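Asks: Below you'll find the structure I mean.
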Amino acid sequence: MNYSKAKYIMGAAKVSQLPEDTGVEVAFAGRSNAGKSSALNTLTDQKGLARVSKTPGRTQLINLFDLGNNNRLVDLPGYGYAKVSESIKRQWQSEMENYLTSRKCLNGIVLLVDSRHELKEFDSLMIEMAISFDLNLHILLTKADKLNNKERAQANRMIESFLKTFVSTDKISYQLFSSLTKMGLDKFKEKLDTWYQ
(Lines of atoms letter the chains of each structure in order from A and count residues from 1; the text may use other names and numbers.)
(Lines give C-alpha, C1' and ligand atoms only; values in the text may rest on other atoms or scores of the structure.)
Protein backbone atom coordinates (compact mmCIF):
# COMPACT_ATOMS: atom_id res chain seq x y z
CA MET A 1 0.00 0.00 0.00
CA ASN A 2 1.31 3.44 -0.91
CA TYR A 3 0.44 5.44 2.22
CA SER A 4 2.01 8.62 0.85
CA LYS A 5 -0.98 8.90 -1.53
CA ALA A 6 -3.32 9.59 1.41
CA LYS A 7 -5.70 12.50 0.83
CA TYR A 8 -8.06 14.13 3.30
CA ILE A 9 -11.69 13.36 2.46
CA MET A 10 -13.81 14.78 5.27
CA GLY A 11 -14.41 15.24 8.97
CA ALA A 12 -17.62 13.87 10.49
CA ALA A 13 -19.08 14.78 13.87
CA LYS A 14 -21.34 11.73 13.78
CA VAL A 15 -21.03 8.20 12.40
CA SER A 16 -24.22 8.82 10.39
CA GLN A 17 -22.33 11.46 8.35
CA LEU A 18 -19.61 9.04 7.20
CA PRO A 19 -19.42 7.88 3.56
CA GLU A 20 -20.90 4.57 2.43
CA ASP A 21 -19.87 1.59 4.58
CA THR A 22 -17.84 -0.21 1.88
CA GLY A 23 -14.16 -0.95 1.23
CA VAL A 24 -11.67 -1.16 4.09
CA GLU A 25 -11.06 1.26 6.96
CA VAL A 26 -8.32 1.21 9.58
CA ALA A 27 -8.95 3.49 12.54
CA PHE A 28 -6.37 5.32 14.65
CA ALA A 29 -7.31 5.87 18.29
CA GLY A 30 -5.40 7.25 21.23
CA ARG A 31 -5.45 9.57 24.17
CA SER A 32 -4.64 13.23 23.62
CA ASN A 33 -0.88 13.64 23.25
CA ALA A 34 -0.22 9.94 22.52
CA GLY A 35 1.28 11.04 19.19
CA LYS A 36 -1.60 10.07 16.89
CA SER A 37 -1.29 12.95 14.41
CA SER A 38 2.50 12.60 14.28
CA ALA A 39 2.18 8.85 13.57
CA LEU A 40 -0.31 9.48 10.74
CA ASN A 41 1.98 12.12 9.25
CA THR A 42 5.00 9.79 9.50
CA LEU A 43 3.08 6.85 8.00
CA THR A 44 1.92 8.95 5.02
CA ASP A 45 5.18 10.91 4.76
CA GLN A 46 3.11 14.11 4.76
CA LYS A 47 3.97 16.68 7.41
CA GLY A 48 0.61 18.41 7.47
CA LEU A 49 -1.88 15.62 6.70
CA ALA A 50 -3.09 15.32 10.30
CA ARG A 51 -2.76 18.54 12.26
CA VAL A 52 -0.29 18.19 15.11
CA SER A 53 -1.76 20.29 17.85
CA LYS A 54 -0.15 21.79 20.91
CA THR A 55 -3.63 21.78 22.47
CA PRO A 56 -4.49 18.20 23.48
CA GLY A 57 -7.86 16.98 22.27
CA ARG A 58 -8.09 19.17 19.18
CA THR A 59 -9.31 16.26 17.03
CA GLN A 60 -13.07 16.40 17.70
CA LEU A 61 -14.20 14.97 14.38
CA ILE A 62 -13.84 11.55 12.82
CA ASN A 63 -11.37 12.48 10.05
CA LEU A 64 -11.13 10.29 6.96
CA PHE A 65 -8.22 9.97 4.52
CA ASP A 66 -8.45 8.22 1.15
CA LEU A 67 -5.72 5.74 0.13
CA GLY A 68 -7.29 4.82 -3.22
CA ASN A 69 -9.20 1.65 -4.21
CA ASN A 70 -11.83 2.30 -1.52
CA ASN A 71 -9.25 2.03 1.29
CA ARG A 72 -9.30 4.63 4.05
CA LEU A 73 -7.42 5.72 7.17
CA VAL A 74 -9.68 7.01 9.95
CA ASP A 75 -8.49 9.40 12.65
CA LEU A 76 -10.80 9.05 15.66
CA PRO A 77 -11.20 11.91 18.17
CA GLY A 78 -8.28 12.28 20.58
CA TYR A 79 -9.51 11.36 24.01
CA GLY A 80 -8.22 12.50 27.37
CA TYR A 81 -7.67 15.85 28.94
CA ALA A 82 -9.25 17.97 26.24
CA LYS A 83 -10.62 21.24 27.59
CA VAL A 84 -14.24 20.32 26.99
CA SER A 85 -17.21 19.55 29.20
CA GLU A 86 -17.96 16.06 30.49
CA SER A 87 -21.12 15.92 28.35
CA ILE A 88 -19.10 16.56 25.17
CA LYS A 89 -16.57 13.90 26.23
CA ARG A 90 -19.41 11.43 26.74
CA GLN A 91 -20.80 12.36 23.31
CA TRP A 92 -17.40 11.70 21.69
CA GLN A 93 -17.12 8.38 23.47
CA SER A 94 -20.56 7.20 22.39
CA GLU A 95 -19.82 8.19 18.75
CA MET A 96 -16.52 6.31 18.93
CA GLU A 97 -18.24 3.20 20.33
CA ASN A 98 -20.92 3.56 17.67
CA TYR A 99 -18.22 3.67 14.97
CA LEU A 100 -16.35 0.63 16.33
CA THR A 101 -19.50 -1.48 16.68
CA SER A 102 -21.47 -0.49 13.58
CA ARG A 103 -18.89 0.11 10.84
CA LYS A 104 -18.69 -3.11 8.81
CA CYS A 105 -15.75 -1.94 6.67
CA LEU A 106 -13.57 -1.40 9.77
CA ASN A 107 -10.83 -4.03 9.58
CA GLY A 108 -8.51 -2.93 12.37
CA ILE A 109 -7.69 -0.40 15.05
CA VAL A 110 -4.31 1.16 15.71
CA LEU A 111 -4.17 2.17 19.37
CA LEU A 112 -1.46 4.71 20.16
CA VAL A 113 -0.07 4.58 23.68
CA ASP A 114 2.74 6.79 25.01
CA SER A 115 5.46 4.22 25.80
CA ARG A 116 6.70 6.33 28.74
CA HIS A 117 3.49 5.90 30.73
CA GLU A 118 1.33 3.16 32.19
CA LEU A 119 -1.83 2.16 30.31
CA LYS A 120 -4.65 4.56 31.07
CA GLU A 121 -8.35 3.77 31.48
CA PHE A 122 -9.04 4.74 27.85
CA ASP A 123 -6.33 2.37 26.57
CA SER A 124 -7.73 -0.54 28.59
CA LEU A 125 -11.24 0.27 27.37
CA MET A 126 -10.12 0.25 23.71
CA ILE A 127 -8.32 -3.09 24.15
CA GLU A 128 -11.38 -4.61 25.86
CA MET A 129 -13.68 -3.30 23.12
CA ALA A 130 -11.45 -4.69 20.37
CA ILE A 131 -11.52 -8.11 22.04
CA SER A 132 -15.27 -8.11 22.67
CA PHE A 133 -16.06 -7.05 19.07
CA ASP A 134 -13.44 -9.45 17.64
CA LEU A 135 -11.48 -6.65 15.92
CA ASN A 136 -7.85 -6.60 14.83
CA LEU A 137 -5.85 -4.34 17.14
CA HIS A 138 -2.27 -3.14 16.78
CA ILE A 139 -0.83 -1.19 19.70
CA LEU A 140 1.82 1.39 18.82
CA LEU A 141 4.00 2.23 21.82
CA THR A 142 4.89 5.74 20.69
CA LYS A 143 7.77 8.10 21.53
CA ALA A 144 10.06 5.07 21.95
CA ASP A 145 13.07 7.18 20.88
CA LYS A 146 12.87 8.80 24.33
CA LEU A 147 13.46 5.44 26.08
CA ASN A 148 16.69 3.54 26.70
CA ASN A 149 16.87 -0.21 26.02
CA LYS A 150 15.85 -1.15 29.56
CA GLU A 151 12.82 1.16 29.43
CA ARG A 152 11.82 -0.21 26.01
CA ALA A 153 11.85 -3.73 27.43
CA GLN A 154 9.70 -2.50 30.34
CA ALA A 155 7.18 -0.93 27.94
CA ASN A 156 6.88 -4.23 26.05
CA ARG A 157 6.46 -6.15 29.31
CA MET A 158 3.74 -3.75 30.47
CA ILE A 159 1.59 -4.56 27.41
CA GLU A 160 2.45 -8.26 27.60
CA SER A 161 1.36 -8.60 31.22
CA PHE A 162 -1.83 -6.60 30.59
CA LEU A 163 -2.80 -8.81 27.64
CA LYS A 164 -2.26 -11.93 29.77
CA THR A 165 -5.37 -10.97 31.73
CA PHE A 166 -7.52 -11.74 28.66
CA VAL A 167 -8.39 -15.14 27.25
CA SER A 168 -8.53 -14.20 23.57
CA THR A 169 -5.74 -11.92 22.33
CA ASP A 170 -4.77 -13.62 19.07
CA LYS A 171 -5.92 -10.58 17.04
CA ILE A 172 -3.77 -8.19 19.09
CA SER A 173 -0.20 -7.21 18.28
CA TYR A 174 2.07 -4.45 19.55
CA GLN A 175 5.37 -2.75 18.82
CA LEU A 176 7.62 0.15 19.77
CA PHE A 177 7.41 3.16 17.46
CA SER A 178 8.86 6.63 17.02
CA SER A 179 7.49 9.24 14.61
CA LEU A 180 10.63 11.30 15.10
CA THR A 181 13.22 8.66 14.16
CA LYS A 182 10.84 6.45 12.10
CA MET A 183 11.77 3.55 14.38
CA GLY A 184 9.39 0.64 13.70
CA LEU A 185 7.83 2.30 10.64
CA ASP A 186 8.49 -0.58 8.21
CA LYS A 187 7.09 -3.14 10.65
CA PHE A 188 4.02 -0.95 11.16
CA LYS A 189 3.42 -0.63 7.39
CA GLU A 190 3.71 -4.41 7.00
CA LYS A 191 1.03 -4.91 9.66
CA LEU A 192 -1.32 -2.40 8.00
CA ASP A 193 -0.74 -3.98 4.58
CA THR A 194 -2.17 -7.28 5.87
CA TRP A 195 -5.35 -5.46 6.96
CA TYR A 196 -5.83 -3.78 3.57
CA GLN A 197 -5.35 -6.97 1.53
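The backbone N, Cα and C atoms fix where each Cβ goes, and this holds for glycine too.
Pulled these features from Swiss-Prot for this protein:
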DOMAIN    22-197  domain 'EngB-type G'
BINDING   30-37, 57-61, 75-78, 142-145, 177-179  GTP binding site
BINDING   S37, T59  Mg(2+) binding site
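Help me understand the surroundings of these features in the structure.
Replies: Its own atom aside, the Cβ of K143 (GTP binding site) has 24 Cβ atoms within 10 angstroms in the protein chains shown.
DSSP assigns S37 (Mg(2+) binding site) to a helix in the three-state reduction.
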Asks: Taking all residues of the domain 'EngB-type G' (22-197) together, what is their mean pLDDT?
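Replies: 88, rounded to a whole number.
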Asks: At a 10 A cut-off on CB-CB distances, which of the binding-site residues N33, S37 has the highest count?
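Replies: Per the Cβ count within 10 Å, the most buried is S37.
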Asks: If you draw a 10 Å sphere on the Cβ of G30 (GTP binding site), how many other Cβ atoms land inside?
Replies: 28
Asks: If you skip the near sequence neighbours and keep only those at least six away, which residues in the chain come within under 8 angstroms of F177 (GTP binding site), Cβ to Cβ?
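Replies: Residues satisfying the criterion: A39, L140, L141, T142, A144, M183, G184, L185, F188.
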Asks: Can you grab the distance from K143 (GTP binding site) over to S37 (Mg(2+) binding site)? Cα atoms, rounded to a whole Å.
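Replies: K143 (GTP binding site) to S37 (Mg(2+) binding site), Cα-Cα distance: 13 Å.
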